[in-house]
Structures are given as C-alpha cells and as structure tokens.
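According to TrEMBL, the features are:
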DOMAIN    A:7-131  domain 'Na+/H+ antiporter MnhB subunit-related protein'
TRANSMEM  A:12-32  transmembrane segment
TRANSMEM  A:38-57  transmembrane segment
TRANSMEM  A:69-89  transmembrane segment
TRANSMEM  A:109-133  transmembrane segment
Amino acid sequence: MKTNDIILQTVAKVASLVIILFSIYIFFGGHYSPGGGFVGGLLASGAIVLLLLAYDLKTVANMLPVDYKLVVAAGLLISSATVSGALFFDAPLMTHAYQYFELPLLGHTSLHTAVLFDLGVYLVVIGITMTIIQTIGESE
Amino acid sequence: MEFREVEYMSSLHWAILSPFFIACFIPLVYKQFHRVHTGWFVLFLPIVLFIYFTGFIHEVGDGRHLSASLGWIPSLGINFDVYADGLSLLFSLLITGIGALVILYSIYYLDKDKEKLHTFYVYLLLFMGSMLGLVLSDNLIVLYMFWEFTSLSSFLLIGYWYHRERSRYGAQKSLLITVLGGLSMLGGFVLLSFMGDTYSIRELMGQTGELATDPLFTASLLLILLGAFTKSAQFPFHIWLPDAMEAPTPVSAYLHSATMVKAGIYLVARLSPVFAESSLWFWLIASAGILTLVWGSYSAVKQTDLKAILAYSTISQLGMIMSLLGAGAAALHYESMDKNIYMAATVAAVFHLINHATFKGSLFMAAGIVDHETGTRDIRKLGGLMNFMPITFTITIIGAFSMAGLPPFNGFLSKEMFFTSMVRVTEMEIFNMETWGVLFPVLAWVGSIFTFVYSMIIVLKTFTGKFKPEKLEKKPHEAPLGMLIPPVILASLVIIFGFFPNLLASTVIEPAVAAIQPGLSQKQFQIHISHWHGFTIELYMTLGVILLGSLLYITWDKWKCVYHIIPGRLSLNRMYDALLAGMERGSIGVTKLFMTGYIRTYLVYIFLFFIVSLGITLWREDAFAFDVGNTAPVRLYEVIISVIIATSAIVILFAKSRLTSIIILGAIGYMVSLFFVLFRAPDLALTQLVIETISVALFLLCFYHLPKLSSRKEERVAFRLNNALISIGVGVIVALIALSSHSNKLFESISNYYIENAYEEAGGKNIVNVILVDFRGLDTMFEITVLGIAALGIFALIKLRLARGTLKDENE
C-alpha cells in the first residue's frame, strides 16, 4: 500500500523547526524558569524523532548529516572542561561563576558558567538519544 | 640527617613527569617528521635527565637528601612526595643512563618504515616516567600507582608485536603475575599504614620498633614480599620473565633486565629498615633469593634460545641480589662493630645491581645484534660468527666473562663479595643459622657453577665452532656503528668498574647503602673494594667454579638427561597454563548458571532482589507506620487520572498485540506527567512528557525486533503466575515505601536549604535546574558520562552483531 505522507511531512518540517527553537529557548531560560539542558536536549531530539517518523532514516541523515557519537563527545568535553575549569582559578572542582552585564538588545543579563555546563548536557542528551535511535533503526 | 624542602620541589617532580609530557607529543612528531626516526627525538630526554641526576651525586653523597611535597589527596594522606637519597639516585641513574643507551640502540634495531614507532616510544616513555616515579616516591600509594604503571607499560611493550600469538601470551602472563603481586602489595601497604598511621616511608622507618610488635606486621610483610617477588621474578613467580622475551630486544635489555625487574629489589631494599627486625624477612628473602639463583642458572643451561638463556640468567642474578639483601638485613641485629660483615652483603647487593645492569645490558644488546644480523637466536643454528662479527664477539666475551665471575671484570668483584657474604651467613648466631645456614654457601656455589656454564654457552656456541650458513636466514655481517655504540659503552663500563671499582664506592654505593641501612651514619663506614684478598675460601670457591664449570661444559652431552628428571607436565609453566584454563572454564560455568541471555530472566533477578531486600528492611526497621494525618484532600482530577492509569495498566495485561501495549504504556506516562502538573512540578512534567514521547518512538523502532506476544513460554501457566507474583510484589513494596516514607520523617527536609540558597549562591531562580547544574553538578556530570557510555555500548553491541553477521556470510 502506498501511503501519502505529504501533510505529515510538511507539518513535521515546520513543527520540528519550532520545537528546536523552543528547545533552545527552554535551554537558555533554564536557570530562571522551568527548563534546562536536559529537557532542552530531549525536546530537540524529539524534533528530530518527529522528522524520522515523517520521513525515513536515510532522508533525515541527509538532511542533518551529523555523527551523533561526536555530539556526545563534544558535549562531554564541554561539560568536563567547565567542571575542571574552576581548578585554574584555584577554586574547588565544579565551582561556577556568574556576573551581571548590560548587553545590547538583551539588557540586564546574567552570564553564568552553568550555561556552558548545561550546553554540554544539552548536546550529550541529543547525542545519546539520536545515537540509540539511529543504531536501532538502522539495524533492520 | 638534613632535609632540604621545597627548593627542589618543581625540578624533581618535573623530572618524573617529563617523560609523560613528552609522550603526549610523540604521535604528533611521528606524523610530522616521518622521515626521521622518532627515536632521535626521544633520545635527548634520558640524556638530559641523566645529567640532571648526576648533578645530585655530590649532594646526596654528603648525606643531604632532597625531598619535596606536592598535595594530591591530602585528606587521605596521599601526597605526591618525592624523596631522593642514595638508593633512589642510584636507580634514577640506572633508569636514565641505560634508558638513553637503549633508545639509541632501538633507533637502529627498529626499522622506521616497518614498525609503529610512535606507540613504541610512547610506551617506553610511559615506562621511564613511572619507573622514575616508583623509585623517587616517598608515599606508598603513589609508589604503588607508579608500580602498576610499570606493569602496564611492560605489558604493552611485551605485546608490541601483538600479531604474534607468543607475544600476546607473554604479555598476558606478565600482567597477570605482576598485577597479582601488585594488588597484594597494595594490601600490605594499607596494613602498614594502619599500623603506622601514615603512608610516608620515611615516617614508617621512624617507628620500626613499634611496628614489629603489631599483630598485622607479619601479614603486611608477606603481602609486600609477594609483590616484590612477582615483580623481580623470584622462584616460583619467575615464569613470566622468559615469556616476556617476546618483546623487542631493546625492551628486554631495558625493562626485563636492567630496570623494571629490579623494582622488587628496590622495594625490598627500601623497606628493609622497616621490616628487617623480623627473622621472617631474612629467611624469606635470603632463601627465595638463593633458590631463585640456583633454579634460574640451572634452567638457563638447557635453553637453546639466546634470549631465553639471558632471561633465566637474569632470574638467577636477581635471586643473587635478593639473597644478598636478605643477608644484609642481618646487620640490623648486630650493634657491635662486627656488623660490618653483614653490611658488606648490602654493599655487594648494590654493587652487583650496577654490574648486572652493565654486563647484562651489553649481553642483551649483543644477542639482539646477532638476531638482527643473522635472523635467528637459536644456538643450535648459530656458530662460528667470530669472524663475521668481531666487535659483537668482543662485547659478548666481556659481558659473559663478567657474568661468570672471571677477573678482571666487575662481575668477578661482586661475585667474590657474594661468596664472602654467603660464607659469613653461616657464622650468624641468630635465626637458627647453625642448622640450615651451611646450605647458603653451598647453594651459592652450585648456582655459580651453572652461571659459568651458561656464560660459556653464550660465547662459545654462538661465536666459535662450525659456521652453518645454510641454517641462517641472512648472510651475517657486523652491525651498523650506531647499534654497536651502546653495548660498547656498557662493555667498557664493565672493564672500568672492574679495574677501578672504587670510582663507584664513595659516589654511588655508599649513599645507597646508607639508605638501606639508615641506622649507621655515613662516616661509620668506608667502602673499599679490592681485587686481592689473599688465599681465602672465596678464591678457592671461584677456582672451583671455573674448574667444575669447564668440566660440565665439556661433558654437557653426557649429563643433559638430568633435565628430563622432572616431567614436563609438572613444570611451573604447565601448572600456570592449567590454572588459567581451569579458571576460564570455572568462570564460564558459573556465568552460565545464571546468564540465560533472556532479558526477562535478568528482570526477574533484579525485581526479586528488590522485593526481598526492601521487604526485609521494611520489616526489620518496623517501618509500617502509616500516618495519613498531614495529607492534602484528594481532588477530582487526581481521582480521574488515577483511574485512567489503573485501567490502562490492567488493559496492557490483556492486550493481544504489542503495538497496543506500547500505546497504552505511553498513555500511562502522559498521565503521570499530568500528575506532575497537578502537583506543581513543571520541570518534571516537561521532562516526563518529552521522555514519554521519545521512548514511545523508540519502542516503535524496536517493534520489528521483538518476538510476537503470543509465542513460546508466555503461554505456560507457571510462567505467568510467577510474573504475576513478582509484579504484585514490586507494586506492593513500592506502595509501602511511598506510604512509609511519607509517615516517617526521620530528618529535616533538605529542600529548604535549596530554597534559601539557590538565588544567593548560584544566581538562579529555578531550583531544579540550579540543583542539576550547580549544587549537585558532579552527579549530572557523571550521569551524562554514564549515558554517553551506554549509548556507545548500544552502538557497539548492535554494530558488532551486524559485523559478525557479515563475517559469517563471508565464511560460508
């Protein structure tokens, strides 16, 4: 039976973009409102999964030619670098630093090293979900 | 004694760490400058370090000891404390000096186009750094860490030609045996630290008397000696060393004769002041040493591979040094001036340590040259090489004659001193020496005769006799100059130390002996090594060795059947193999008992354990008090959601297709996230929602792989009953715990702390996120690490299965 996925595919394209934008919003807002790297990462991978459901593995792999194992590695690297970065300032492991800045457009903003750590978490979560889903999906 | 703190801190630490740093850049250098042999870039390091360490000779000779401390884990008393006294310095000089020669030699030995040089030099530098760390550490735990690093790098170097089956076997054997000893040594160290309340060797030496009466003393002594004996290849743990000869010859010369195998000797010498009070220490070390000497030299004679002869000879020489250290330990029992007799044993041990490094190093290198230029090391194929390789022949003669204990080489001097010590041991009035003591000189003498025989075999079978070109793979010729320089330097040292032994006496040996025998101040003894002692018993022993040795060499064909007395299956190697195979079989058997390969079996284990352990705990703690006083009223929403969850759960049980169950499972998850919304946990609700979505998608992907629902065992009543019981049990236990934890508040809730401090300390308003990334950030760090590992694991498992599938197709 030949299926007609046009509507699903068109919606998925737009929706996944919106979801990814939302995940980035949620990721940055994490320190003040519900969200953070973990949920953000899950949402982003949810968006990709949506694409997977609408299309197939190959098409999505062409759309987003990313090796998710490297994403895991990059995320772990960023997080562990942030964690150990404190050692260079003679502070215990895991010490974060933050400061308030007046930025153009954004106004009064706090810049926090926790965001960097969370970015690592975000990437790792995307990486692992997609690695698992891709490997299992491909193995048929 | 005078200590100089801090000033040398950076330089000694840097000296230890520099090989590790350089090792990081070797792969880069190898790639960038592929046309130049990587060894040239490595060579400068040991030379610089050697010069650096020679700078300390004068200072340490004056009794000034360098030490420095660097905090590592101060709360546990583990610090990177370095300490250089005579003994450490002697070893450091050996490590860097022989290291430089070996690297120079390896440049010509290893072909730059055929070998993976970067891995070789990385392993070698790893070894050099860890060996330096081992001999310069004052902290037992740091010492242990470097000790295991040397085992590891030795493993990597033995397995360097990993495509050879024998290399892998030898590497595994050495690792198993030395790490077994290393672990027991760690246990000994921990016991020592319990007794002395410190990990510092220097502090432990200060409390010798109190330690000896401790009940843990003997256990700690035995455990530590096991470590030393396995590392230094003492009988019966020597079996790994001959198999380690699969390593490239530069490695054998460096690790398996000059430095690493002497780590056990170093440890015994280093800890002698702590343990020497005990007679057990003396007996174990002296008898293990003398047994190893005899057994090693006896076994060396029957070998046909040049390197195997050298390996067994190394074993026996290590035994000789070990027995000397044992005899030297007796000096601590004599307060009178007479103790210089036993002190002489320690002097001989240190002197022979240096001599052994020089003559055995040159012999290994010569054997490597023979192998390199003829293509074989089998003495049955070799012969008559004297005319083709005159320089190698000369080097071998010098090395072998020194090993046999012939004048005027340095081996003669230390062998004489060895005889002296063994004869003196019989005069001891302690340790019941009057009964068994006489065995020591006899065994020493027997061992030396065999040493003489195999030394002659090495020289005569290789270089004299009939030349057999048809058996050689290559046409033999002399080695290139660069390959000859290192053994020539070592051979000249053999001669120089032979003629002028007192060059070493005051510079290196005295401080080293002072470190092993700290009870004496350096002024108390002056070491003077002389060639001629008159017509003493030692001289007659040497003459006897030469006479009987020559006789045995000539009549070799008549008595070689002696080696068949012990049947092959009783040999230690066979026992090791049988033990290993037995352990493999055993572990497979045990694993098969409970590993069925079905995930449902494992879930049954997990849940049963869960029910039993938590149920028992609840019952024992009497935690069944249920207090419903302080609860909020139940609202309609909650009732509705609960009913939906319960209904869905029941429906799953009767679902005929897996697709239905997956969808219903998703519905339950979404309902749970609604619960979180109701209880005002937006973060949890959000996460639960997304996770549910993704896991349903994942389930749909796996869907194809899962077996049909109504198949096989599932239909059996017993199976279903079991599962029903287990699931009910889990449900009941979880419900009980939830109720109980609500009713029994044992301590103040921690949430207030977070509420108060989240904004002040971490600058965030979302407490959940602040906890995740800041307060308990380390947890998150490790969680994502574990998740990453899990993802890679799944990737590897599935890809591996796919790859194996294709492999099978190819085979068919």
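If you go along the chain as it appears here, the first residue is 1 and each next one adds 1.
Here the Cβ of each residue, glycine as well, is placed from N, Cα and C on the backbone.
Note that TrEMBL annotation is computational and uncurated.
Given the structure is predicted, the values throughout are model-derived calculations rather than measurements.
Touching of the transmembrane segment (A:12-32) and the transmembrane segment (A:69-89) is ruled out by the presence of fewer than three CB pairs under 8 A, sequence neighbours closer than 6 excluded. Same-chain neighbours of the transmembrane segment (A:109-133): 27-28, 30-31, 36-38, 40-42, 44-45, 48-49, 52, 66, 68-80, 82-83, 85, 96-103, counting only residues six or more beyond its ends whose CB sits under 8 Å from a CB of the stretch.
DSSP states for the domain 'Na+/H+ antiporter MnhB subunit-related protein' (A:7-131), grouped as helix (H, G, I), strand (E, B) and coil, give 89 helix, 12 strand, 24 coil.
Taking Cβ pairs closer than 8 Å, the transmembrane segment (A:38-57) reaches residues 5, 8-9, 11-13, 15-17, 19-20, 22-24, 26-27, 30, 63-64, 118, 121-126, 129-130, 133-134, 137-138 in its own chain, all 6 or more past its ends. In the predicted model, the domain 'Na+/H+ antiporter MnhB subunit-related protein' (A:7-131) has a mean pLDDT of 87.
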